[in-house]
Amino acid sequence: MTNIRKTHPLIKIINHSFIDLPTPSNISAWWNLGSLLGLCLAIQILTGLFLAMHYTSDTMTAFSSVTHICRDVNYGWLIRYMHANGASMFFICLFLHVGRGLYYGSYTYFETWNVGVILLFAVMATAFMGYVLPWGQMSFWGATVITNLLSAIPYIGTTLVEWIWGGFSVDKATLTRFFAFHFVLPFIIAALVMVHLLFLHETGSNNPSGLISDSDKIPFHPYYTIKDILGVLLLILALMTLVLFSPDLLGDPDNYTPANPLSTPPHIKPEWYFLFAYAILRSIPNKLGGVLALVFSILILMLFPLLHLSKQRSMMFRPLSQCMFWILVADLFTLTWIGGQPVEHPFIIIGQLASILYFTIILTILPAASLIENKLLKW
């Protein structure tokens with residue numbers, strides 16, 4: 001009798017995706033991040049579902065419903081902080097996953113890559129709307145500032161902003177629709193993840209060397225299932241350490257003050273994972289220019305397959321490109337730091353220089369480094 005996992009219409013899909021999947025024998029721990037992102041999404045959907053059972057999306061009761069979850073619901077504090085810090089872990093894994101793709105040239109699978117960039121946008125949109133829901137000061141003012149950016153769009157901007165708000169300011173209608181979108185988007189993300197994996201399994205995984213590995217493949221199970229379990233344990237350890245020892249480490253104290261449209265916080269800033277984009281936005285004195293720079297700071301990832309001029313896929317054997325890559329990483333850390341600082345000297349000029357460097361490295365320096373390396377290798 002043939003094994004059911006190879007014949008059953010549903011089980012064989014799982015079999016071809018997670019069990020008998022031919023996988024390169026040399027993929028490193030950087031390839032664990034995909035499964036960790038899947039785990040993060042599962043954690044966020046589950047904790048979010050339980051939070052939604054107790055949350056009310058009304059301006060009068062939203063803040064107190066979150067307080068009620070933390071104080072009165074059994075382990076409500078745990079669910080709430082797992083959800084809040086789970087978002088941070090999600091973004092850490094996302095940034096590492098994207099960085100891995102850039103370093104090892106995984107972006108040459110451009111369908112997989114482009115679906116991944118769309119996923120990044122979807123996760124960022126979901127996280128932004130989720131941050132508005134507790135209806136604290138930073139929730140309200142963050143929502144006001146970021147949605148207001150759309151008014152920079154010529155001709156339709158103001159109408160568009162009021163349409164999104166459902167009125168003339170961020171109010172009850174805005175909160176209700178943000179809750180609806182925040183609830184539904186993770187399921188759309190889950191569907192996009194399936195598409196992402198579908199495209200990936202058409203080509204098979206890349207590997208650190210960037211060479212074709214068809215002649216040396218091993219089954220995903222048990223080798224990489226065991227390896228992924230180690231990653232899962234480390235992720236859960238990190239998340240639970242954060243949740244149980246310093247749950248508010250990555251949050252903003254202003255969000256423990258209920259939203260007040262009449263009192264602006266001294267420094268409006270988003271969660272840490274948006275600070276690099278926020279710094280790029282603020283570094284341009286023009287509103288529309290800033291919004292375009294903000295969008296292109298992420299959208300530029302879609303250009304990587306076009307900007308790949310090297311004869312080698314991976315950066316593993318390209319020291320010059322490696323150097324530029326790590327300067328880009330350092331630049332992103334600088335932008336993240338600047339995004340959390342007030343708009344004053346010397347932070348303004350540092351932010352502007354870091355923003356220019358970000359786009360320059362990606363658009364000119366990395367492709368130039370690739371051409372130099374090709375020349376040095378006489379290719």
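Each position is counted from 1, following the chain as shown.
Heads up, the Cβ atoms here are built off N, Cα and C, so glycines get one too.
Owing to the predicted nature of the structure, the values given are computational and were not obtained by experimental measurement.
Copied over from Swiss-Prot:
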| type | residues | note |
| --- | --- | --- |
| TRANSMEM | 33-53 | transmembrane segment |
| TRANSMEM | 77-98 | transmembrane segment |
| BINDING | HIS83, HIS182 | heme b b562 binding site |
| BINDING | HIS97, HIS196 | heme b b566 binding site |
| TRANSMEM | 113-133 | transmembrane segment |
| TRANSMEM | 178-198 | transmembrane segment |
| BINDING | HIS201 | ubiquinone binding site |
| TRANSMEM | 226-246 | transmembrane segment |
| TRANSMEM | 288-308 | transmembrane segment |
| TRANSMEM | 320-340 | transmembrane segment |
| TRANSMEM | 347-367 | transmembrane segment |
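Features as recorded by Swiss-Prot, highlighted on the structure.
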residue: HIS83; record: heme b b562 binding site; DSSP (3 states): helix
residue: HIS97; record: heme b b566 binding site; DSSP (3 states): helix
residue: HIS182; record: heme b b562 binding site; DSSP (3 states): helix
residue: HIS196; record: heme b b566 binding site; DSSP (3 states): helix
residue: HIS201; record: ubiquinone binding site; DSSP (3 states): helix
What is the interatomic distance between the Cα atoms of HIS83 (heme b b562 binding site) and HIS97 (heme b b566 binding site), given in whole Å?
20
Highest CB neighbour count within 10 A among the binding-site residues HIS182, HIS201?
HIS182
Tally Cβ pairs under 8 Å between the transmembrane segment (77-98) and each listed stretch (113-133, 226-246, 288-308, 347-367), then give the stretch with the top tally.
226-246
Could you state the whole-number distance in Å separating the C-alpha atoms of HIS97 (heme b b566 binding site) and HIS201 (ubiquinone binding site)?
17
Contact set, same chain, for the transmembrane segment (226-246): CB under 8 Å, 6 or more residues outside the stretch:
29, 32-33, 35-36, 39-40, 43, 78, 81-82, 85-86, 88-89, 93
My understanding is the cutoff is Cβ-Cβ under 8 Å with a sequence separation of 6 or more in the same chain; which residues meet that for HIS196 (heme b b566 binding site)?
THR112, VAL115, GLY116, LEU119
Just the number: how many Å between the Cα atoms of HIS182 (heme b b562 binding site) and the residue listed as 'ubiquinone binding site'?
29
So if I exclude everything within five residues of the ends of the transmembrane segment (178-198), which remaining residues of that chain have a CB under 8 angstroms from its CBs? That is, six or more out.
17, 38, 41, 44-45, 48, 52, 55, 57, 112, 115-116, 118-119, 122-123, 125-126, 129-130, 132-133, 143
Please work out whether the transmembrane segment (347-367) lies in contact with the transmembrane segment (33-53), by counting C-beta pairs under 8 angstroms that are 6 or more apart in sequence and asking whether there are at least 3.
no
When a 10 Å sphere is centred on the Cβ of HIS97 (heme b b566 binding site), how many other Cβ atoms does it contain?
20
State the count of C-beta atoms found within 10 angstroms of the C-beta of HIS83 (heme b b562 binding site), not counting that atom itself.
21
